[in-house]
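I have placed the structure first, in the form of structure tokens, so that the comments after it can refer back to it.
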Amino acid sequence: MRIEARIFELLTVFFIIVGVVYGFFTAQSRTGVEWAGTTAIVLTAGLSLIIGTYFRFVARRLDLRPEDYEDAEIVDGAGDLGFFSPGSFWPILLAGAGSVAALGLAFFEPWLIAVGVICVIAAAAGLVFEYHLGPEKH
């Protein structure tokens, strides 16, 4: 987690520098500082700082991972990484439901937003509980 914390802390510094440069150069224009972009960049710096700080605190509590060693090999991280369901159709349904909800937001159609959100909730529940059904359901 130390590497991830360092990445996000460097991103914070980058976004602060970009925010200052962006604010300076937009202030030189005839319309003055463009506040929407400047605010967005500064808030992005704040969000990356939050994530970097979280990763830094988590890294203190966890043991070193193979990725944290300077002389680590690929083989050091080998092993079981978890369960993957290769035949699941729920991610496709979740993506389709998210697309419907996004279209509803884009065109501001409340009925389409409602249908999309309901479908997202149903597809997310199906994805989470896919293997939590009883044995008679399979």
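A Cβ is built for glycine as well, from the same backbone N, Cα and C atoms used for every other residue.
According to Swiss-Prot, the features are:
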TRANSMEM  7-27  transmembrane segment
TRANSMEM  35-55  transmembrane segment
TRANSMEM  81-101  transmembrane segment
TRANSMEM  102-122  transmembrane segment
Below 8 angstroms Cβ to Cβ, which residues of this chain, lying six or more residues outside the transmembrane segment (81-101), approach it? 112-113, 115-117, 119-120, 122-124, 126-127, 130-131
Do any residues of this chain, six or more beyond the ends of the transmembrane segment (102-122), have a C-beta under 8 angstroms from a C-beta of it, and if so which? 93-94, 96
